[in-house]
Structures are given as structure tokens and as C-alpha cells.
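Got a structure here, written out as C-alpha cells. Questions coming.
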Amino acid sequence: MRARYKPWADDYLKENNNIVVPNPSDYKGDWQAKFTNHAPIHLEIGTGKGQFIMGMAQQFPNVNFIGIEVVQSILVSAVQKVVEEQPGNVCFISDDADNVTDIFGENEVDKIYLNFSDPWPKNKHAKRRLTYKTFLEQYQSILKPGGEIVLKTDNMHLFEYSLVSFSQFGMELEEVVLDLHEFNDPTNIMTEYEEKFSAKGQPIYRCRATFV
Ligand code: SAM
């Protein structure tokens, strides 16, 4: 996802420290305290400009949503949406997904969304794909037993790779959809990338996988 470099991004994220959690590992094992409730926690990794997480937060007010995004200039757009709409059930972490086990305790997260993750097409970069086995190990640790990963992408190669990676890890595939928009699903919240690619007529793939 491209974003113009915003030299003020760091200051803006720090100013909005009620929305962008400053020292996220302080909440490790106690994220519900951040939301002052006992609702389930859903984590979006690579949250981008925040359209999906905002839509989900509105559709599911009884779920706590946390978005993690590594690029500050991109995260700014997501934070601006929360500042405007003031949902009580969304916050963000400005960090790399590679640190999730430092940030969340074991069995703390109910669901993980991977939306249009960077495909890293070269084999030498496979370890950076968010469905590489080292990431799956981390997701398994922070997810509750039976917790699921929901992946959406327009990229057939990343989709195939991820299905194989999930299976080799011993995960169970609960759903595999090859054209998500073939039938209108009013409950599907589109991401920025999903809108862009589906407008070009590209099929959107989705799968749901659980650790067993
Ligand atoms: N999810 C959004 C969507 O569907 O519109 C954005 C998709 S964009 C292709 C991928 C996003 O993931 C970018 O914003 C990128 O900065 C973020 N990202 C990539 N690797 C990441 C990582 N290791 N940790 C956190 N965010 C990451």
C-alpha cells in the first residue's frame, strides 16, 4: 500500500495515544483492560488505511478490534477514521507483525484477519509472507484454541501458498472461496485493496483456517 511520506505521522500517532497504544506490550495478557470489557479480541494484521476494521467495528459492536500496521504514514489514515467516527471498540498498534508474541499473551486473541497481505512473490522473500510458518507459530501462540485466521487476497499465488502453508502446519481449512464477490454478501466488509481489485474485475479469494 502506498502512502505519501508524512513527516508529522509520528507526532500525530503519539498525540492520539488513546487510539494508538504507546507501549502495547504493557497490555500483554490483559488487552480487555484497554477496552474495559470482556468482549472477544479480533486482530487485523496489516490494517492499512482502516476501512475494514472500521466497518467491522460498526457491524460487531460487541467485539474489540485491534489493528497492527508497520507503516506510520499509512496508519495515520486509519487513526483519522477513528478520530472522526469515535467507535469505542477499535485501537491500533504501530509495529511489525513479527512482534505479536511480545504484545499478546497466550490464548488472548479470538480471530486474526490477514487482508491483502503483501505477496512477496520472490522465493527468497518467502519468510516475509504473513502466512510463512514462523508467523503461523506466533499466531498459534496468541490465538485461543479453535481461534481462526481469515485471509482475503486478490493474489492467486499468495492464496495457494497460504493454503499449503496452513495445511502443512496441520491447520484445518474451514472455508475456501475462489470468488468472494460472485454472490453478494451484505456482511462482507471490503478493504481498500478489495474495492480496488474487485472494481477491475479480479476475483477475490478467501479462506478460513483454524489450528487443531
Ligand atoms: N489490509 C489493507 C487492505 O486490504 O486494503 C492493506 C493491504 S496492503 C497490500 C498491506 C499492508 O500491510 C500495508 O499497509 C503494509 O504496510 C502492511 N504490512 C505489511 N507487512 C506488515 C507487517 N509485517 N506488520 C504489520 N503490517 C504490515
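Just so you know, glycine gets a Cβ as well, placed from its N, Cα and C.
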Which one of Asp26, Asp30, Asp95, Asp154 goes with Lys122, Thr191, Glu192, Tyr193, Glu194 at the substrate site, as TrEMBL has it?
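So, going by the record in TrEMBL, that would be Asp154.
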Consider each pair of residues in Glu44, Glu69, Asp96, Asp118, all listed by the record as binding S-adenosyl-L-methionine, and report the largest Cα separation in Å as a whole number.
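This binding site's residues have a maximal Cα-Cα distance of 14 Å.
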Here are some binding-site residues: Glu44, Glu69, Asp118, Asp154, Glu192. Which one has the most Cβ atoms within 10 Å of its Cβ?
Glu69
Would you find the one among the binding-site residues Asp96, Glu194 whose Cβ has the most company, meaning other Cβ atoms within 10 Å?
Glu194
Just to verify a number: CA distance, Thr191 (substrate binding site) to Asp118 (S-adenosyl-L-methionine binding site), in angstrom, no decimals.
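A Cα-Cα distance of 14 Å.
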I need the CA-to-CA distance for Glu44 (S-adenosyl-L-methionine binding site) versus Glu194 (substrate binding site), whole Å please.
15
